[in-house]
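Feature annotation from TrEMBL assigns region 'Disordered' to 1-43. Under the heading domain 'Major facilitator superfamily (MFS) profile', TrEMBL lists 115-523. Annotation comment: TrEMBL describes 118-142, 148-169, 181-200, 206-229, 241-263, 269-289, 337-357, 377-398, 410-429, 435-455, 467-491, 497-518 as transmembrane segment.
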Amino acid sequence: MAAAAARSPQPCSCDRRYTTTSNRRARAEGIPSGGSLSRLRPPRSGVLRSQWCASKSFFLRSDGGSSGGWERNEGAWAGGRWDRAGRSGRVACSAERMEPLVGIAGYAVPERMKVASLVALVMCLCNADRVVMSVAVVPLAAHNGWSSSFVGIVQSSFMWGYLVSSVLGGALADRYGGKRVMAVGAALWSLATFLTPWAAARSTAALLIVRAIFGLAEGVAIPCMNVILSRWFPIHERATAVGLSMAGFHLGNVLSLLVSPVLISRTGIQGPFLLFSAVGFLWLSVWAVSMVDDPRDSSLLSTSELRLIRAGKDHTSDGGGGDLLPLRHLLSKMPSWAIIFANITNNWGYFVLLTWMPVYFKTVFGADLKEAAWFSAVPWGLMALSGYLAGFTSDFLIRSGHPVTFVRKLMQSLGFIGPGVSLLFLNLARTPAEAAVLLSVALGLSAFSQAGFLLNMQDIAPKQAGFLHGIANSIGTFAAIISTVGTGYFVQWLGSFQAFLTITSVLYFITAIFWNVFATAEQVFF
């Protein structure tokens, strides 16, 4: 019994003990290689077992001999690789691999994953509520005799309020945390969604006002998401967490595009608005009782998970927000402008496709409302999947030792050059199926931006990320208003979408060059 106890590894300060079996080369070199995670068990004789402590920069290594001795081996820790005596091997770090999600087999789901799931749900509702109008505007325009240019104005009214609230919402989330700001925003946009059918029946002016209030509430969503996830996830898991949350955001498009036409045909225009507003208030009741801003305030969080989160974060990004930086100082650095221009281009292309895609399929290919919704939904579904894959790939590259700046530039380049090329080819599409494929490629690749500029705000300004995001998002929203209204005027003037798609492609290419010249993942604002 004493011998068995001696062979067991001693607990590390993480209170978690994961073991890895090294491969043949690692055993020959004495360097751990990072095999698969397994349940805790004493090392067997003659087999090298290694343990990485997520809180301390050292390995605990055992040769599996009868003495079972564990020794501390100091070395350099850089981006997921262990370097010692000129040799390198893959590190199996519990902080890298998210704690086991085996609820059925006896493991608990990590609290940070529950937080990410709640954020993904509210982001799904955020976009679903937004997209309902993109479907409902088709029968509304036919009923009221609106021109294409006026449809663009109605579609852009959401962004009038969105333009104002992004900066304020980001600053408030930095200062007071994302929980309360997100809750207020969700409550207000759910109420505005509920009132939209009433406003549309009353007057056009009432509809524009309610849509502006709706945008005012939704402007806080993405800045709050960024702040919440930065506090709950270590840096090497953050891209995956953002990918999961934004997958919910894009799936909201799919859900709304598929459900809304069915409900409108059966219950009238008010059907989808009432459904999504009710789900929003239901989500709010769960959020209010289960969410906290700071992991240290959670009564459900284990000590090991808290240490894992804190070990994977820079001290400058831990805890609450810092002092609000002067706007002039924030805009004096070129990395800030790289993020702003990236946000402008991303919003320009995103909102053109979001608001005009059903109209595009109906106008260009003569599809009815349900067919247009189906063709429009497929690209957004692919975007949800590719956004998560982009986050996973980004985290994998960082854990593999690639510089964070390189990873951010790579992801953003894919997110801009890919859609630019796809939209150029969209001008040549002759069938709705061809157009759906090209739009799927464009939106799928644009999702890589989530692992580019969207995460870069936390890199350069960890304590002011919400404020910086608000500024970039407000300027980007102004660009989205121009693109949304401009598309309507171009279509009415030229009778075609081709000119505006070409302009959007050129903008993607120019911004990709600017990003690669000026972007960095080094901290700029302290």
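Yeah, the Cβs are placed from backbone N, Cα and C, and that goes for glycine too.
The transmembrane segment (118-142) is in contact with the transmembrane segment (269-289), judged by 3+ CB-CB distances under 8 Å for residue pairs 6 or more apart in sequence. Long-range contacts of the transmembrane segment (467-491) within the same chain, counting only residues at least 6 positions beyond its ends with a Cβ under 8 Å from a Cβ of the stretch, are 147-153, 155-156, 159-160, 162-164, 166-171, 174, 219, 222-223, 226, 324-325, 327, 330-331, 336, 339-340, 342-352, 355-356, 363, 453, 457, 460-461, 497, 499-500, 504, 525. Long-range contacts of the transmembrane segment (497-518) within its own chain (CB-CB distance under 8 A, at least 6 residues past either end) are made by residues 334-335, 337-338, 341-342, 344-345, 348-349, 352, 356, 360, 363-364, 409, 412-413, 416-417, 419-421, 423-424, 426-427, 452-453, 483, 486-487, 490-491. Between the transmembrane segment (181-200) and the transmembrane segment (241-263) there are fewer than 3 Cβ pairs closer than 8 Å, counting only residues 6 or more apart in sequence, so the two stretches are not in contact.
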